[in-house]
Amino acid sequence: MKGIFSALLVPFDDQGRIKEQGLREVIRNNIDVQQVDGLYVNGSSGENFMLTTDQKKQIFKITHEETNGAIKLIAQVGSINLDEAVELGKYATELGYDSLSAVTPFYYKFTFDEIKNYYETIIEATGNNMIIYAIPALTGVSMSLEQFDVLFQNEKVIGVKYTDGNFFMLERLRKKYPNKLIYSGFDEMLIYGAVSGVDGAIGSTYNIHGNLAKQIFEMVEQGEVARAYEVQHIMNDIIEKVLELGLYQTLKEILNVKGIDAGTVKQPMSPFDSGKREAVEKLVKDFNL
Ligand code: NGF
C-alpha cells in the first residue's frame, strides 16, 4: 500500500455520463505510462461528490476490472449520507478493493463524536480497512492530534490521506504513528511530505506525471534531496500552469491532447475553455507529457 497513487480522473460526456472506454484509457495510462503504484478511486479528482450512487459503483467496477490486480486500489466511499457510504463500502469491499477511505463528513458542523461514529459505522458494516481522508481546505474539518489519536486507536484505521500544508502536524503524526500509512495529499508539496517520511502520496496530477512523482519519492528515499527538489521544480512548473488554466479541466485536456479520451468535467463545473487549447498543447510539448 506504499508509493504513488493517482487520484483517478473520470471522463464524462457533455451530458454528465461516464465514458467507459475513456475511463479504461485513463486507467491504462496510469498503469502502463505513469507506472503508479495504485489508484485512489472516487475522490475529489473523480468529481465524486457530483455523482449518483450508481455512477460511483460503475466507476468502482470498471476500475477493478481494468486494473485486474496489477496495482493497489483504494475506494473513497465517504458521503454525508452515511447509508450511501456504507452501501459503497460494502460494494467496493466485495469487489476486492485493498482498502476503503472516507472523507471526513462535511457541510454540517459534525461533532468529533459524530465523526468517530461515522468511521466506526463504515468499518463495522464492511469489515474493511479505513484510510481517513483529511482535506480541511475543502471540508472545513481540521482534526487535532488528539482526535487522530482517538481514530487511530481502531486498528482498522490503517492511515490517513493528509491533504494539508501543516507539516508540523504531519511530523507529529509520523513520529507517533510509525506503523500507520500516511499519504501526502498536495502534489505541489510532495517533496516536503517525502522528507517527512510519508509512506506514499495520492494526487490528481499523477494522472499526467506520476512518473515524476515516483522519481521524487525514490530520490528522497535514497537521500538525494537536492536532485528530488529539481524534479519538484519541474512538477510545480506544470502544476502552476494547470492551476492557472483550471485544475480538472486542464488535466483532462492534457490527456485529450495526448490521445487519451479523458472527456470533460461534470456540471456544475464549467467545461474546458477551448480558447486555452493552444496553451495546453504547449505544456504537453514543453514538458514532454
Ligand atoms: O484536488 C484536490 C483538491 N486535491 C488533490 C488531492 O489531494 C485529492 C491534489 O492532488 C484528490 O485528488 C482526490 O481526493 O481525488 C490537488 O489536485 C493537487 O495537489 C493540485 O493542487 O484539493
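Just so you know, glycine gets a Cβ as well, placed from its N, Cα and C.
Here is what TrEMBL records for this protein:
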- Y133: active site, proton donor (ACT_SITE)
- Y133: active site, proton donor/acceptor (ACT_SITE)
- K161: active site, schiff-base intermediate with substrate (ACT_SITE)
- S44, S45, T163, G185, D187, E188, S204: aceneuramate binding site (BINDING)
- I202: pyruvate binding site (BINDING)
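Structural mapping of features recorded in TrEMBL.
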residue : record                                               : CB count, 10 Å
S44     : aceneuramate binding site                            : 19
S45     : aceneuramate binding site                            : 23
Y133    : active site, proton donor                            : 25
K161    : active site, schiff-base intermediate with substrate : 27
T163    : aceneuramate binding site                            : 24
G185    : aceneuramate binding site                            : 27
D187    : aceneuramate binding site                            : 27
E188    : aceneuramate binding site                            : 17
I202    : pyruvate binding site                                : 27
S204    : aceneuramate binding site                            : 22
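S204 (aceneuramate binding site) sits 13 Å from the residue listed as 'active site, schiff-base intermediate with substrate', taking the CA atoms of both as reference points. Between the alpha carbons (Cα) of S44 (aceneuramate binding site) and I202 (pyruvate binding site) lies a span of roughly 11 Å.
Taking the centroid of the Cβ atoms of S44, S45, T163, G185, D187, E188, S204 as the aceneuramate site, the other same-chain residues with Cβ within 8 Å of it are A7, F186, I202, G203, T205. Distance from the CA of I202 (pyruvate binding site) to the CA of E188 (aceneuramate binding site) is 11 Å.
Close to the residue listed as 'active site, proton donor', meaning Cα to Cα within 10 A, are the following recorded positions out of S45, K161, T163, D187: K161, T163. Distance from the CA of I202 (pyruvate binding site) to the CA of G185 (aceneuramate binding site) is 5 Å.
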